[in-house]
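I have placed the structure first, in the form of structure tokens, so that the comments after it can refer back to it.
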Amino acid sequence: MKPNVVSADVLFEAFRSPLKWEWVAGLGASERRFDEVAVRSARSGADLVGYLNYIHPYRVQILGEREIAYLVNATPEDCKRRIARIVTLEPPVLVLADSQMAPDALLSMCERAQIPMFATHESSAFVIDVLRAYLSKHFADRITMHGVFMDILGLGVLITGESGLGKSELGLELISRGNGLVADDAVDFFRINQTTIEGKCPDLLQNLLEVRGIGLLDIRAIFGETAVRRKMRLRLIVHLVRKETLEREYERLPYEPLTQDVLGVPVLKVVIQVVAGRNIAVLVEAAVRNTILNLRGIDTYQEFVERHRRAMEQRDGS
């Protein structure tokens, strides 16, 4: 699900201090919003903000030094036409950057069309970077998943599995081994660009871990600030299963790495069988270390296949 609402006044207040901007025109349009169709079709926040461009409607139009020069350095008729064309773009907001002064005709147009216009001394490139990052997160596709999300050896790992397999207890043991908790039970994931999924904890569950028989534990209070994380990029899913499930649904040694689709992004996945006596925490850390090697281009399975092929060739040649 992708949220599709952010109004001009919300955007203004969010960056009143960072961008030190002023609301110079269109004060009566505080509820003006992004076009919902444009938001749904946008691949990321980068599609929703940019320099003044007449072929990209429905986005925040940034007016820097060059854009203002283009609007005013022409005959009076051309200036009027160029400024009037901005209305057809239906921008949610106009932003004057680079300490530029708005031409009177532009101010009048914003008042007539009720288009909010903000002005800042910051550079246009900086404004675009800041707004793109904000809009990418605000309008990101999102989903809530059940599991324990952790920082294990610097990698964002989601532990999933059937109920009663001890996911939270496993999380507690991993925390005691120096890893960090992001979220327990419910994890909010956001696709912030085409290949990146970021996860964080809902505010209501911040720092909390539920362990059966003990109850709710405040991990930050018990283990300290370094035992919790605000957010992490999802890089691996560890799925816990019972023996019969593993034998029925999964190969013992899969030829291709397993993946799971999360918001349209394939995420690496490993399956670990839960049996009495197994040290699951050690197995999870081993899976994470192996994933780190894979991300660096080191594939142990493919190296084994190549080693086996060479051995077969040597045997056939002898």
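Glycine residues also receive a Cβ, built from the backbone N, Cα and C atoms like all the rest.
As recorded in Swiss-Prot:
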- H146: active site (ACT_SITE)
- G161, E162, S163, G164, L165, G166, K167, S168: ATP binding site (BINDING)
- K167: active site (ACT_SITE)
- S168, E210: Mg(2+) binding site (BINDING)
- D185: active site, proton acceptor (ACT_SITE)
- R252: active site (ACT_SITE)
- 273-278: region 'Important for the catalytic mechanism of dephosphorylation' (REGION)
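Overlay of Swiss-Prot feature records on the structure.
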residue : record                       : DSSP class
G161    : ATP binding site             : strand
G166    : ATP binding site             : coil
D185    : active site, proton acceptor : strand
E210    : Mg(2+) binding site          : strand
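E210 (Mg(2+) binding site) is 14 Å away from L165 (ATP binding site) when you measure Cα to Cα.
Neighbour count (other Cβ atoms within 10 Å of the Cβ, all protein chains): 12 for E162 (ATP binding site). Neighbour count (other Cβ atoms within 10 Å of the Cβ, all protein chains): 6 for S163 (ATP binding site). Note: the Cα of G164 (ATP binding site) and the Cα of the residue listed as 'active site, proton acceptor' are spaced 12 Å from each other. A Cβ within 8 Å of the Cβ centre of G161, E162, S163, G164, L165, G166, K167, S168, the residues given for ATP, is found for these other residues of the same chain: L240, V274. Helix, strand and coil counts under DSSP for the region 'Important for the catalytic mechanism of dephosphorylation' (273-278) come to 0 helix, 1 strand, 5 coil. When the binding-site residues G161, E162, G166, K167, S168 are ranked by how far their Cα is from the Cα of E210 (Mg(2+) binding site), S168 comes first. The binding-site residues considered are G161, G164, G166; of these, G164 has the fewest other C-beta atoms within 10 angstroms of its C-beta. The recorded positions recorded for this entry are H146, G161, E162, G166, K167, and the Cα of H146 lies nearest to that of D185 (active site, proton acceptor). Ranking the recorded positions H146, K167 by the number of CB atoms within 10 A of their own CB puts K167 at the top.
Cα spacing between G161 (ATP binding site) and H146 (active site): 9 Å, rounded to the nearest whole number. Restricting the average to the region 'Important for the catalytic mechanism of dephosphorylation' (273-278) gives a pLDDT of 85. Cα of S163 (ATP binding site) to Cα of H146 (active site): a span of 10 Å. Cα spacing between S168 (ATP binding site) and H146 (active site): 11 Å, rounded to the nearest whole number. Using a 10 Å radius centred on the Cβ of D185 (active site, proton acceptor) and all shown protein chains, the other Cβ atoms total 17.
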